Amino acid sequence: MLLCDGLGPEPPRQRHRNRTSAARIRKRPKCCCGDGGSGNQAEQPGGIVSNPISYGQSLTTLARVTAAALTTAAMLHTTNALAATGSSSASNSSTGGIALPLGTATPATHELNATQPFGGSGLNFNESGAGLSDHHHHQQHNPDEDWLDNIVWVFKAFVMLLIIIAAICGNLLVIISVMRVRKLRVITNYFVVSLAMADIMVAIMAMTFNFSVQVTGRWNFSPFLCDLWNSLDVYFSTASILHLCCISVDRYYAIVKPLKYPISMTKRVVGIMLLNTWISPALLSFLPIFIGWYTTPQHQQFVIQNPTQCSFVVNKYYAVISSSISFWIPCTIMIFTYLAIFREANRQEKQLMMRHGNAMLMHRPSMQPSGEALSGSGSSKTLTLHEVEQEHTPTKDKHLIKMKREHKAARTLGIIMGTFILCWLPFFLWYTLSMTCEECQVPDIVVSILFWIGYFNSTLNPLIYAYFNRDFREAFRNTLLCLFCNWWKDRHLPLDIDIRRSSLRYDQRAKSVYSESYLNSTTPSHRRQSQMVDNL
């Protein structure tokens, strides 16, 4: 091979010696037909030129930079292609469907939104798909930022887990208390017990799967469980809302139409209402979801192509029907019924106060002659007036106490309705805006917060009972004390107690365990404890 006209072909031995180990670039003397000063370069022993070595190193560095740039460009091109695919699918879904409010899995809708907790290795795309981070970038992260992200992740997981546990334990306490206390076994509390069961199922079937998605950032189960989760979420959330609507109707008949209440709200009618409350959500959740009536053709194709992702997109017809049955119609009924309840409660309270005032004015003049004639037949007059007062006052007091109890129950249930609206209204407002405004985009973190605010309504109902209702508060206290006493007794005093035995027989058997001073004590605290043990 001729390198130059002035130079002959390079000798083979020199051609092999003049190669660098990095880029394998062949070195040769400068051509004499080039610059005049270039031919004065000094040659070291062995035929190796000193200056071309630095030139080869620069070429090697340039080659490495070029390769890195090409690799980065290829990765960015791949990222843009994925982003274009995600945007096209999002545009198709936005034109043909929207996310279902009560059953969607927004944080795991597509792979670009599946973030990894604690900044794990591997590719991690952001929400828009335009950003790219690899293991080298994770190594350059600030340790303080990683520590803060870990703290936020732990706090989020702790709050969600606390909501789940509180919802399960609180509603379970409601069910046990109503079963134990006879005074709470009224028709209204049938709806309350059924509502507590629905809230427990919301915590178990809906919150747990959402908790898994929020913590891990991806769907960890099969596609069948994805559809099952969405169905259960819609089903139990709708059932909980319909229970609140039935409670408002029951209170409406009890206060606004008290004469028709025993005829209208019989056990048969209550059973039909509860049956309808549990059946109608199934027609809205399981049937359309598993048949495929709820979604669009684009989403069905997406599910086939991505079986490991839990995405849930619905068409507008299903969205309008589901939102109306799940929230807007029950909310409208509850608002009208409770407005009528509060109006009637205020009217009855004014009438009772007026009657009580008139009764006091009528009794005051009749009591003066009895005070003046204390001798002779005066005592008989006083006795007669006392008997008349005793005949009329208990009836009025009983009616007044009953009305106050009804009003207190209505106030408690009104607070429950208010918390229900505050918890679910922001979510359904976002849902309505997503239907009407297709260009409006809400961050995934905001949607997740709206979901858990709605879930939090299932946790608040037992707290409202305990704070605003004295009967429930006492029942909760007695139930917790009973559970604690049973736990303490089984742990420290393992006795085989038959609750069907009489208290006297139980005391005779317990003499060998308890001291005589405890059994024969007359202090009030010990009496209360012994009575509590006898009631077991």
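Placed from the backbone N, Cα and C atoms, the Cβ positions cover glycine too.
Among Asn113, Asn520, the residue that Swiss-Prot annotates as N-linked glycosylation site is Asn113. Of Asn126, Asn220, the one with N-linked glycosylation site in Swiss-Prot is Asn126, while the others lack that note in the record, though it may still apply to them. Leu148 and Pro262 carry different topological domain names in Swiss-Prot and therefore face opposite sides of the membrane. Listed by sequence, the residues of this chain that lie at least six past the ends of the transmembrane segment (445-465) yet keep a Cβ under 8 A from its Cβ atoms are 99, 102, 106-107, 160, 163, 166-167, 170-171, 173-174, 192, 195-196, 198-199, 202-203, 206-207, 210, 214, 237, 240, 412, 415-416, 419-420, 423-424, 426-427, 430, 472-473, 476. The topological domain 'Cytoplasmic' (179-190): residue composition by secondary structure is 9 helix, 0 strand, 3 coil, according to DSSP.
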